[in-house]
Amino acid sequence: MASLQEPWLLENGNLKGSSKEMRHGRTAHNMSSSSLRKKSDLTLVSKVKYGMLRHLLANLQEVILGTKLSVLLPAIPLAIAAQSYGFGRPWIFALSLLGLTPLAERVSFLTEQIAYYTGPTVGGLLNATCGNATELIIAIFALWQHKIEVVKYSLLGSILSNLLLVLGTALFCGGIANLGKEQKYDSRQADVNSLLLLLALLCHMLPLLFRISGASASLAAVPTLQLSRASSIVMLVAYITYIIFQLVTHRQLFESQEDSEEDDDVISEETPVIGLASGIVWLVGMTAVVALLSEYVVGTIEDASESWGLSVSFISIILLPIVGNAAEHAGAVIFAFKNKLDISLGVALGSATQISLFVVPLCVVVAWILGIKMDLNFNLLETGALAISIITTAFTLQDGTSHYLKGLTLLLCYVVIGACFFVSKTPLNNGNVIDLGVSSEVGVIAA
């Protein structure tokens, strides 16, 4: 494979800077996704005489066939064909959602490949920024179509699924697989993420409380929007500080999980398998396909809701995160089976923190730029579910040890919340109406 690398990046047959230090740009997100990758056999490709063709075929094999989820890739052309030929819109939604599953894993793979050439700090920043690219792209397309409630539901669902479903499944499976061992993890990372999640929760609750305590919804609308935009700026500042904390000032807290994993799962990913230019081209192409499928998902979600008899809130909060992040979630569970909870926690908590402090406020700022009035008021039911989830997770992780009962508790919380949104039939346009019965009572008294 060395023959396929640019010669100036090689030194004594090895990639320059491919020591253990180079892996510090990797995040738990990347290490989790790597568990679903498979090594490519380039024996046949290496026999091709023409160098350019050999390079192209090697890249195709590594990028397209280098994942265990490649069986889902045919869903992408099927979704495009279904859209082009006017098939049923629920089919377009389902095929697009399936196609996003391997694409999310491939985007993670490509960002990691590029990170090998950019150094640990820039690589870590790239990985942290692109860690939830799929959710961000779906949210931006939903914003563009003025489906603000879909944006809020999908991002809320990603946070809940990471905190309860992914983390709960990892702790439960890890506890069952390691009954004879006491599972331990570095609680310092969990403390940092829990603190940031509580900050995000405060920024979500204040607009809701402000709206409830206001004299009327119409009078409180503008101040609520202004408070949400100010809170979003604060959250983005907190996220930037968190990135500096993670990559520069307190890097050792987040390196411990990598330094202790000197096994094949990490060693096998020490050297890149594609070049820098190829990685950038593939990443741009994959992102374009993700954007196309995201547009299909956003455009057909209401038709799927009507056809399947499920509310848009249930599809956005439960189905979208489960299917769209299946690769990342499966990787977290696999590492939990191997008694490597630091990686599993890094995936679940890191992703939830990124969505809460980066993706959500960024959507508010983007909406502000586009002239769309999106606030941080996620409604009473949704904000309450978020608050309980964050507090429950923080209590679960406070002692640095784990067993299967903790995981089962988180999973049961997720089941109850899922059942709540399953029976909820709130129309999209009425999501922000919060009167707590006051207006109806006033009307009765006036009568």
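Even glycines carry a Cβ here, placed using N, Cα and C.
Curation plays no part in TrEMBL annotations; they are all automatic predictions.
Lifted from TrEMBL, the feature list:
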DOMAIN    91-247  domain 'Sodium/calcium exchanger membrane region'
TRANSMEM  122-144  transmembrane segment
TRANSMEM  156-180  transmembrane segment
TRANSMEM  192-210  transmembrane segment
TRANSMEM  230-248  transmembrane segment
TRANSMEM  273-294  transmembrane segment
DOMAIN    279-417  domain 'Sodium/calcium exchanger membrane region'
TRANSMEM  314-337  transmembrane segment
TRANSMEM  349-370  transmembrane segment
TRANSMEM  376-397  transmembrane segment
TRANSMEM  404-424  transmembrane segment
Which of 156-180, 314-337, 349-370 contacts the transmembrane segment (404-424) most, counting Cβ pairs under 8 Å: 156-180
Interface present between the transmembrane segment (314-337) and the transmembrane segment (192-210) (three or more C-beta pairs under 8 A): no
For the transmembrane segment (376-397) against the transmembrane segment (273-294), do we get 3 or more Cβ-Cβ pairs below 8 Å once near-sequence pairs (under 6 apart) are dropped? no
What stretch in 156-180, 230-248, 273-294, 314-337 has the biggest tally of Cβ pairs under 8 Å against the transmembrane segment (349-370)? 230-248
Would you list the DSSP helix, strand and coil counts for the residues of the domain 'Sodium/calcium exchanger membrane region' (279-417)? 116 helix, 2 strand, 21 coil
